[in-house]
Amino acid sequence: SFIGEESVAAGEGSILTDNPTWIIDPIDGTTNFVHRFPFVAVSIGFVVNKKIEFGIVYSCVEDKMYTARKGKGAFCNGQKLQVSGQQDITKSLLVTELGSNRDPETIKIILSNMERLLSIPIHG
């Protein structure tokens, strides 16, 4: 099966089944792309039985290829990635994105979530 982000965004229905399924977003960061903000990628995932098996993200501007496979780890241009050992949340950096949906109920939920996140004593 195949699920394309652009077709789903255009209103086409999509149901994830147990079938092997490719999930593709050819312009991940469409709003960034439209505004010439250089954070755009091609994102591809492969799912079986509704569980991700592997994923690939190519950051076009940076020329970086991120890959990950279930049980095998994650890599950037072939070099293994790992999470930091930081356990103190006050030294963490929070990065978020608000999305493009401007429905009043959605905005209310997003802002409520943001308020909870911003009350955490983070570094930045």
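Placed from the backbone N, Cα and C atoms, the Cβ positions cover glycine too.
Keep in mind that TrEMBL annotations are predicted by a computer and have not been checked by a curator.
So that you can see what the record holds, here are the features copied from TrEMBL:
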- GLU5, ASP25, ILE27, ASP28: Mg(2+) binding site (BINDING)
Row ILE27 (Mg(2+) binding site), column other C-beta within 10 angstroms, all chains, value 16
Cβ atoms other than its own within 10 Å of the Cβ of GLU5 (Mg(2+) binding site), all chains, total 16
